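The next block holds one structure in the form of structure tokens; read it before the comments.
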Amino acid sequence: MPDINWSQQLLNGLFAGSAYALFAVGYTLIFGVLDILNLAHQAIYMLGAFCALVLVTGNVAGLGPLPGGMQLPFWLATLLAMLVAGLLGILLDRLAFAPLRKRPDTHFSGMISSIAVALIFEALATWLFLPQRSQFPAGTIRPGAVTLGQGALSYSRVLVIVAALVLVVLLTVLLRFTKLGKAIRAVAENPKAARLLGINVEAIYSFSFFLSSALGGAAGIFYGLAVSRLDPTMGRSVELKGLAVIILGGMGSVPGAVLGGYLLGLTEVLSVALTNTSNYRDAIAFVLLFLILVLRPSGLLGARRVREA
Amino acid sequence: MLEVTDLRVAYGQIEAVKGVSFRVPEGSIVTLVGANGAGKTTTLAAISGLLRPRAGAITFDGRELTRLGTHTITRLGVVQVPEGRDILATMTILENLELGAYGRRDRDAVRRDIARMLERFPILGQRRGLAAGSLSGGEQQMLAIARGLMARPKVFLLDEPSMGLAPQLVREVFRIVAELRAEGQTILLVEQNARKALAISDYAYVMESGRITLEGRGADLLTNDAMVSAYLGGIVIDAPPVVDPGPT
Ligand SMILES: Nc1ncnc2c1ncn2[C@@H]1O[C@H](COP(=O)(O)OP(=O)(O)O)[C@@H](O)[C@H]1O
Ligand SMILES: [Mg+2]
């Protein structure tokens, strides 16, 4: 049995879990509202990160400095990049999903066309930002670390945890208590009923894509900053994990995605700590996923969302 | 105020509504009766913009509805409580009522209307914080009607509000509809329970395989020979009904 630094493992697990949760809440939101799997969520995540990088450095790797050479503080760049990611989400919906909405095979065809859009976004990113790794410049945020017992976590990683908490709370408040949030839940449950109540369902779809993609963009920005690594395929590694997380939590459930995210993050970290190697990390995590699904086929909090037909 | 002219609606190649015309004057209850599959629900779906008609006109206060989206039609005041109720089961009773007023901007009046609904339908008042899915069928129907009223409908479309309910709840539903009429609410009612519907209607149309085959004042149809033999079970009108036709 290796000598384990438990507080360090806890911090690592919270960091990984927060990153997964932040990616997954937007992913599961679109499934909850539209019953579709948006396989371009990972590409929005990547473009959000690059967008913030461009605003911070005032430079596009493949094209050169922006005219005017403006460089924004990280927090402002993050807000603007989330806005851009959100708008890209609306564009994605118009391109990949809206034209297929009335087709009987819309779930499947939309999945395929979202893969196409993801590839287009990746190609665009490769052209604009070059295929190699980029990173936020040193000093983007204050260097340093938070310590907890024997453990320490850099500020940039703590920021992922804080951002996930803040954004998930904001999203939950929006969905629970605002008129817009109630309309989103109504559309998620029964689009025909929502229409008859006077809700513009197409507008709610657009707004859901905006929200989901702004959150996805934020996930990419904070994770990219924390691990100092941005590249045009960075979304691919999180995509499958994100899918596992939302299945684990219950497809369409926002609290489920948060729970699933932390469960996956902590399991991964724990498996590395216990086996002293990362070779079995994914295997252990997915065996856990499998076991939970055997016991609860609709996921941890997904009781109501077993697909009818 | 609501006028449907030569309406045709099809599902693919199959025409379910084959040239239907009727009017719902302000302040009256007009009923569409007819057997299962006659095309009543399809007609209401076309009025609410859920289905695009193949031909014909639907005007409300002189305004053509056939090109408008469902949410716009609802906001104009043509409000439908659909067959099967479509309450939002995972949301609370209060949230369902709030969403009924989705298109309204007068927040204070909405709050007052909610209070009034909870009073008018005491069963909803007692359970306002619970998920609407926990209500019984009859209670869900009350919620669906209350939610529809929250939009302050100018024309209230009710599709088989008594469907699937136990006899005393059927009576309760008809009592509420009659009450609304007394308050001056304009209503287009769709019912299979022809006897009870005709009794509270100002005017009624009988639909049969996509066409209107008979029309007249509610009271007149109750004693119409063709009507009695086809839809009223051949029972003389002033004898007590033997059984409620009820759900199948
Ligand atoms: N979604 C649908 N697709 C195809 N045919 C339908 C659909 N809904 C109803 N129909 C058909 O249209 C006709 C009218 O149905 P409907 O309007 O529901 O009648 P009613 O409400 O009077 O019982 C029926 O023959 C029914 O089978
Ligand atoms: Mg019907």
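Please read every residue number as a count from 1 along the shown chain.
Cβ atoms are placed via backbone N, Cα and C, with glycine included.
Please treat TrEMBL annotations as automatic predictions, because they have not gone through curation.
Quick look at what TrEMBL lists:
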TRANSMEM  A:20-37  transmembrane segment
TRANSMEM  A:44-66  transmembrane segment
TRANSMEM  A:72-96  transmembrane segment
TRANSMEM  A:108-130  transmembrane segment
TRANSMEM  A:155-175  transmembrane segment
TRANSMEM  A:243-263  transmembrane segment
TRANSMEM  A:283-303  transmembrane segment
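Through the fold, the transmembrane segment (A:283-303) approaches residues 244, 246-253, 255-256, 259-260, 263-264, 267-268, 271, 275 of its own chain, all at least 6 residues removed from its boundaries and within a Cβ separation under 8 Å. Ranked by Cβ pairs under 8 Å to the transmembrane segment (A:108-130), the stretches A:20-37, A:44-66, A:72-96 are led by A:44-66. A Cβ distance under 8 Å defines the sequence-distant neighbours of the transmembrane segment (A:72-96), meaning residues of its chain 6+ beyond its ends; these are 38, 40, 44, 47-49, 51-52, 55-56, 58, 110, 113-114, 116-117, 121, 136, 140-141, 205-206, 209-218, 220-222, 225. Listed as Cβ neighbours of the transmembrane segment (A:243-263) (distance under 8 Å, sequence separation of 6 or more from its ends, same chain) are residues 13-14, 17-25, 27-29, 31-33, 35, 37, 164, 168, 171-172, 175, 188, 285-286, 288-289, 292-293, 298-303, 305, 307.
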